[in-house]
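Database features (Swiss-Prot):
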type     : residues : note
TRANSMEM : 42-62    : transmembrane segment
TRANSMEM : 79-99    : transmembrane segment
TRANSMEM : 108-128  : transmembrane segment
TRANSMEM : 132-152  : transmembrane segment
TRANSMEM : 167-187  : transmembrane segment
TRANSMEM : 210-230  : transmembrane segment
TRANSMEM : 253-275  : transmembrane segment
TRANSMEM : 278-298  : transmembrane segment
TRANSMEM : 307-327  : transmembrane segment
TRANSMEM : 334-354  : transmembrane segment
TRANSMEM : 413-433  : transmembrane segment
TRANSMEM : 468-488  : transmembrane segment
Amino acid sequence: MEFKDLIASLNIDAVLPEAIIICSSLFILIIDLIFQRRANAVLPYMAILGLILSMLSLLFQWNGKEVTAFLGSFQTDSLSIAFRLLIALSSMLCVLLSIEYLENSKKTLSEFLVIFLTATLGAMLLCGSNDILMIFLSLETLGLCSYILTGYMKKDIRSNEASIKYLLIGAASSSILLYGFSLLYGLSHGHIEIHEIAANLIKDQNGNSLASLVALALIIVGISFKIAAAPFHQWAPDVYEGAPTPVVAFLSVSSKAAGLMLATRIMTILFPYIINEWHNIFQILAILSMAIGNIIAISQTNIKRMLGYSSIAQAGFLLVGLLAGNINGYSSMLVYMLIYLFMNLGAFACVILFSLKTGSDQIRDYGGLYLKDPILALCLSICLLSLGGIPPFGGFFGKLYLFWAGWEAGSYLLVFVGLLTSVISIFYYIKIIKMMIIKESPEVSFAIKNYSQKRWSIKDITPIEVSILICVIGTTISGIFVNPIISIAQQTVIDSSWLMAI
């Protein structure tokens, strides 16, 4: 085969979105080396431009066709494109809300952006990975960058502690996942492409063997860590509290999106003959996540830690869609992931803005915020109400579609637990909203008494305020136009032939 034929067979254009992100990272490094601190003002917008171009290239690829690239190690299909688009969008919003945060902390901007874009690259590659080697390399790219970003505030003890905990638990989960992959590699006689592994398991009647069950258990442990599903959630509260808030916002969405896409691809292709076993395991994980996340969140006094436990519960809700195992199930998972992106990033953006003004992440310090900054209080309230599943915001319709898909699939216990824990979650979200709107002077926090009066204007709008407004609009609009969003999600699932073949 000639060199040009080999290059053509690789289908390099399938990874154009990821190539754009790589070029953006290199360009940021070069500009920073040449102009140094003088370029700090434009570097974030170069990253945003790269992410926008990456999203545009993904939209052009979203045509219902499936393309296999790099000799089978990467596959683009409608579902993977949708998840990659969600990751790129969340990264763009996180860059917007990190600009003021990093300027305030006096940390190097270029290094942060390059590591951040590399983490985004790992998450996007993970969504399209089609062999176990590519999966592991993508997972480690995301993981290693996440550990570095978590400890980016080197002089902050909490950031260092969170980074060490995340590194140790992450390394353990990666080794467990790798051992599961090694079992599949042996059972399939040395194949790494997941469709070939599945074919060999069927051929040798190893699909439901003891070794396959052990591999399944190990892989589920590794994936559950990435999506912060209980009882593999121990890292999440500490990391959410100690890590830089823009990093936490990124991990809360991108890590979940990549992990869910990986779980969908691996479980449906590799383990169709032991579907009852992995359904039962994930059902237990979903119930534990919804219960533990929402119950423990009630007692939290730090808002970032509270959102950490909320994120654990959200992982449980998303697993309801995976377990439904049909068009409505997978599409409801995708719809809720989109809505979760807006409402969760919106909440974190509000937390960052409040923290920059007051230096506090304590829930009690939000008392009376409405008196000094009514727009911020309103935006945070909308995001929290949506997270709690209160109509008419997107979170309500996203949960409704998830639970309907679960009920239709016969997951009655999951739906019951989901509804019950959703009611519990409303309590701690409403508690914060109630504190923000109090007007009695004794109950207004000290932080708010010293809070400078804020008047939002288009003329003086900051990047973090732009991020907040985008998220609030997205949260509201997704509730109004939920039917078209559901239709697009359903068509996305239908166009993914590997999913429909199950």
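Every residue, even glycine, has its Cβ placed from backbone N, Cα and C.
Counted over residue pairs 6 or more apart, the CB atoms of the transmembrane segment (278-298) and the transmembrane segment (413-433) come under 8 Å in at least three pairs, which marks the two as touching.
Through the fold, the transmembrane segment (132-152) approaches residues 70, 73-74, 107, 112, 115-116, 118-119, 121-123, 125-126, 159-160, 162-164, 166-167, 170, 174, 177-178, 181, 184-185, 192, 194, 197, 226, 239, 242-244, 247, 250-251, 254-255, 258, 262, 266 of its own chain, all at least 6 residues removed from its boundaries and within a Cβ separation under 8 Å. Within the chain carrying the transmembrane segment (307-327), a Cβ under 8 angstroms from the stretch's Cβ atoms is held by residues 227-230, 233, 236-237, 239-241, 248, 252, 256, 260, 263-264, 267-268, 275, 279, 282-283, 285-294, 296-297, 300, 333-334, 336-337, 340, 344, 347-348, 351, 387, 399, 402-403, 405-406, 408-409, 411, 414-415, 418, 421, 425, 490, 493-494, 502, all 6 or more beyond its ends. Across 108-128, 210-230, 413-433, 468-488, the stretch most heavily in contact with the transmembrane segment (79-99), judged by Cβ pairs under 8 Å, is 108-128. Note on the transmembrane segment (413-433): residues 283, 286-287, 290-291, 293-295, 297-298, 300, 303, 306, 310, 313, 316-317, 320, 323, 363, 366, 380-381, 384-385, 387-390, 399, 402-403, 406-407 of its chain, located 6 or more positions outside it, place their CB under 8 angstroms from a CB of the stretch.
Long-range neighbours of the transmembrane segment (468-488) within the same chain, counting only residues 6 or more positions beyond its ends whose Cβ lies under 8 Å from a Cβ of the stretch, are 93, 96-97, 331-332, 335, 338-339, 341-343, 345-346, 349-350, 353, 376, 379, 382-383, 386, 391-398, 401.
Outside the transmembrane segment (108-128) by six or more residues, the chain places 14-15, 17-18, 21-22, 24-25, 28-29, 31-32, 39-40, 43-44, 47, 50-51, 54, 74-76, 80, 83-84, 87-88, 91, 94-95, 98, 102, 134-135, 137-143, 145-146, 148-149, 152, 247, 250, 254-255, 257-258, 261-262 with a CB less than 8 A from a CB of the stretch.
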